[in-house]
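One structure below.
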Amino acid sequence: MAIRKIRYIGDEILKKKCKPVKNMTPSIETLIEDMFDTMYEANGVGLAAPQVGILRRVCVVDVRDEEPIVLINPEILETSGEQTDDEGCLSVPGKVAEVTRPNYVKVSSLDMDMNPVIYEGEGLRARAILHEMDHLDGILYGERASEPYRDLEEEEEWEEE
Ligand code: ZN
């Protein structure tokens, strides 16, 4: 168990496409454990491997009110609906921007034994799954946002006034 260093926007690794996981190895198992630790430490709802500098198709998602999931070589099978809300990213600290995404997603993945599995998500869980999967293709949410990044703190202060 270890907290890994999160890579921030401007780091070239966040723009790269990740390679599939071919076999479950001790190093991939450790990576996944560390990704959960790092996500919880940073109070995030998801984390993708490139955010800790590893170019493999692995993400973790935990929106807290549903079971945590590990996505290995995930593929989108189906999406439906639409949701528009502020989104943030552990690699873009202190910022938010409004992003429209599907409200529902169904994805195929592999589990920790490299067996096929299917996950579904709605609302925040769908948003988190799609956001993390974008990271695997080098896409930050700002590219899908309808506006530039806004400062989260300024907005909170503004809401208090
Ligand atoms: Zn992110």
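Cβ atoms are placed via backbone N, Cα and C, with glycine included.
Record features (TrEMBL):
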ACT_SITE  E132  active site
BINDING   C89, H131, H135  Fe cation binding site
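On the structure: features taken from TrEMBL.
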| residue | record | CB count, 10 Å |
| --- | --- | --- |
| C89 | Fe cation binding site | 26 |
| H131 | Fe cation binding site | 23 |
| E132 | active site | 25 |
| H135 | Fe cation binding site | 23 |
